[in-house]
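Novice: Dropping the structure in here first, questions after.
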Amino acid sequence: MTSKLLKSLFVAAGAVAVIATGGAFAAGGSSDYKMEHKHWHFNGPFGTYDKAAAQRGYQVYREVCSSCHQLKFLSFRHLGDKGAPFHMEDYPNPNDNPYVKNFAADWTIQDIDSDTGDVIDRPGITADNFPPIYANDAAARASNGGALPPELSVIVKARTGGADYVYNLLTAYDAHKPDDVELTPGLYYNPVMEGGKIAMAAPLSEGIIEYAPTTDAEGNEIAAPEATVEQMAADVTEFLAWSADPKMEQRKGTGIMTMVYLFLLSILLWFSYKRVWRHVEH
């Protein structure tokens, strides 16, 4: 009875997953667009983030995406945490990381003058959160034709399809538009979106940015690839995957060590059992 119940539950769960995934991947209506499933380094129980790609992804976010989209749940110091894109072995405290300090100072933060109580602008510090792009949702909608730009820090976890969804959304603007999809002013065709319509124009184009060199954890410089649309989309997706799950590498490491511990403990308990009960007939 129990085995039949478990089998039924697994079948039901699989059906729900197929329905949910199919609904998202066929969102373009009658479009023949096929979602591209990329190999992401962070997938699987042993997966880790591609730090160089995530560093380039931050540059794409800063120079392109940050004009409309906030990283609400991140602070600048998170960029230098262990497992983060800009972590350096020489700076275990991210507040001392020179890259993180420079990134924070590149942003303008609204604060209150402690002497006058007036609102002032100051350069960011590592303890600051990424600032809001607009004063409120109404201002955001007014600046974007009535559409509210989504918050990006957890977007990879918030969308069915995860990283593949974000990557395909950014690269599918040149897909052929079916005749049955009618676009009103201010909307653009994108087969990854529900109904094939999106209020955001294609954010990436050839030559929009020039990649800066990246660095590894020891501070060694790594040459950057050409900033094609596909490369920029993959890199910013890698960065947003990290921002949605910044402790993934530590969690996976802890899980693996726990499994090793339980395996060794099981062997020890088995031998203990055999020794303790060796003279007792079962």
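Any Cβ shown, glycine's included, is placed from N, Cα and C.
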Novice: Hey, TrEMBL has heme c bound by Cys65, Cys68, His69. Any idea which of Met193, Met200, Met248, Met257 it lists too?
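Specialist: When TrEMBL describes the heme c site, the candidate it includes is Met200.
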Novice: Given that the record lists Cys65, Cys68, His69, Met200 as binding heme c, what is the largest C-alpha to C-alpha distance among them, in Å?
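Specialist: Farthest-apart Cα atoms in Cys65, Cys68, His69, Met200 are separated by 11 Å.
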Novice: Specify the secondary structure state of Cys68 (heme c binding site) as given by DSSP, simplified to three classes.
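Specialist: Its secondary structure by DSSP: coil.
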Novice: Cys68 (heme c binding site) has how many other Cβ neighbours within 10 Å of its own Cβ?
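Specialist: For Cys68 (heme c binding site), the 10 Å Cβ neighbour count is 18.
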